[in-house]
Amino acid sequence: MAKISRQAYAEMFGPTTGDRLRLADTGLIIEIEKDFTIYGEEVKFGGGKVIRDGMGQSQRMASDCVDTVITNALIVDHWGIVKADIGLKGGRIAAIGKAGNPDIQPGVTIVVGPGTEVIAGEGMIVTAGGIDSHIHFICPQQIEEALMSGVTTMIGGGTGPATGTFATTVTPGPWYMERMLQAADAYPMNIGLLGKGNASQQGPLLEQVEAGAIGLKLHEDWGTTPAAIDTCLSVADATDTQVAIHTDTLNEAGFVEATIAAFKGRTIHTYHTEGAGGGHAPDIIKVCGEANVLPSSTNPTRPYTVNTLDEHLDMLMVCHHLDPSIAEDIAFAESRIRRETIAAEDILHDLGAFSMISSDSQAMGRVGEVIIRTWQTAHKMALQRGKLPGDPNDARGGHDNFRVKRYVAKYTINPALTHGIAHEVGSVEVGKWADLVLWRPAFFGVKPSLILKGGMIAAAAMGDPNASIPTPQPVHYRPMFASAGGALHRSSLTFVSQAALAAGIGERYGLAKTLSAVRGTRTVSKRDMVHNDWQPHVTVDPETYQVVADGQLLTCEPATELPMAQRYFLF
């Protein structure tokens, strides 16, 4: 029998079962767990290759074939790290398995035909599009920045560069909700809006949900009192929508215990749960141990570095409309920035107590760095803490598959579950919207090669349009055809509440995008956070700010150097 070396095989068809590769310039190594393709029957497109008429391409009608096949891709997702062909049809993931022509090939689960386009996935990593669940919609240019980084869904609120939006992720009231949903039609991004949750009567909250909000945001700048928390969660329970909260840094209306009591065991998404982004000082971090709390971080504190503390003060003053000439404003800002809790946040992410990472875009966060900073945190923890249980440390140096699954879940499946959109997005699974990102391994997490929205390429790193081939410089990110015209409306989703969809807001507002209702937000709990469901008992020393979780002191050194940084951004 003819044989081929592993190296030659990997160069031709991509790595296979047992092969290992490094993610970007991090210390993270992954190993392929399974290969769904069949040796000797692999399909590949090109001159003299397999996907040709009567060979790997069948004669079947389009109804029996996929619209797109991504060949020999390496899928990295919360459920596995596997090699497979991926079939897309009707804007969704139709199959993960073996592509080809079933008339002449065995084991084919993805039929390729004359109506099939090919994307070469050999040597490429495929992930689900990222979900950023903490967006201040301050400027529409954020959307392009996020898309080009590999984010395909943005959840948050705002109305543009208004003072309220600088500080809070809120689209307040039915009028603004309608206008912002109309604006969402213009962008190749899945978008869900949060209304203002700060009210002590249910009426003003219900009308925002009925106008299209997928959830409500409680923010201390609007007054996050126990009464407002209770009212907001009552509306959420009645409408199957999520609540996100930025708690009371100054402890004016009560301490963290009062806030937890106001939750009454009901599900809630706690933003920047460490506290530098805002929340009960100094111990908001302890809520990550509650069964009903779904905790996330924002990316300025990801990971803890020698520069983290210095940059936060100025960010805070600007974002929260504070005056540096007022001593109380300075004290407010300084109370939120604690090296001890930021260091503990790194470890709580690594142990799976913090479940999500988001941006806090232009409001103490960088919209294009959710994915980068997630993997920088994973690298730092691997370097400082070694292998996680479940990741082997063998003669070959071991791999980090479990750690990688834990961290990829933080910006894909877990925010999807939290906000009731996991039936549509959040993972590379059959039936889901085909929001996929392709990466060269050396650029993983930093610079994607292709971004697909609803099964069509929406953005790509593309060379000079006047060149004779696609690759000559200048190569930079450019919008592609899924970002244009009517294709944009069919390749991206706008998420709304069930009440709004039933009320026919699509027709009433004149919306062109496909609308999808959120669901299941009130039954999700910490135990549902994939690979990130630890519920430790956390205490914070009020004088030293030292954090202890289940009796273990959580502390680590700040990073002085990180991967995925200047090496990739020289120009």
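For all residues, glycine too, the Cβ spot is worked out from N, Cα and C.
Copied over from Swiss-Prot:
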- 129-571: domain 'Urease' (DOMAIN)
- His134, His136, Lys217, Asp360: Ni(2+) 1 binding site (BINDING)
- Lys217, His246, His272: Ni(2+) 2 binding site (BINDING)
- Lys217: N6-carboxylysine (MOD_RES)
- His219: substrate binding site (BINDING)
- His320: active site, proton donor (ACT_SITE)
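What Swiss-Prot annotates, mapped onto the structure for a quick look.
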residue	record	Cβ neighbours (10 Å)
His134	Ni(2+) 1 binding site	33
His136	Ni(2+) 1 binding site	26
Lys217	Ni(2+) 1 binding site	29
His219	substrate binding site	25
His246	Ni(2+) 2 binding site	24
His272	Ni(2+) 2 binding site	27
His320	active site, proton donor	20
Asp360	Ni(2+) 1 binding site	29
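Within 10 Å (C-alpha to C-alpha) of His136 (Ni(2+) 1 binding site) lies none of the recorded positions His219, His246, His272, His320. Across the domain 'Urease' (129-571), the prediction's mean pLDDT works out to 96. His134 (Ni(2+) 1 binding site) carries a strand DSSP state (E or B). If you take the CA of the residue listed as 'substrate binding site' and look 10 A around it, the recorded positions you hit from His134, His246, His320 are His246. Among the binding-site residues listed here, namely His134, Lys217, His246, His272, His246 has its C-alpha nearest to that of the residue listed as 'active site, proton donor'.
Restricting the binding-site residues His134, Lys217, Asp360 to those with a CA within 10 Å of the CA of His246 (Ni(2+) 2 binding site) leaves Lys217, listed by sequence position. His272 (Ni(2+) 2 binding site) and Lys217 (Ni(2+) 1 binding site) are 13 Å apart (CA-CA, integer value). The Ni(2+) 2 site is set by Lys217, His246, His272; from the centre of their CB atoms, other residues of the chain with a CB within 8 Å are His134, Thr168, Thr169, Leu218, His219, Ala244, Ile245, Thr247, Thr270, Tyr271, Gly277, Gly278, Gly279. Between the C-alpha atoms of His134 (Ni(2+) 1 binding site) and His272 (Ni(2+) 2 binding site), the distance comes to 9 Å.
In sequence order, Ile135, Gly156, Gly157, Thr168, Thr169, Ala244, His246, Tyr271, Thr298, Ser358, Ser359, Ser361, Ala363, Gly365 are the same-chain residues whose CB sits within 8 A of the CB centroid of His134, His136, Lys217, Asp360, the residues recorded for Ni(2+) 1 being left out.
Classification of His219 (substrate binding site) by DSSP places it within a strand.
Under the three-state DSSP scheme, His246 (Ni(2+) 2 binding site) falls in the strand class.
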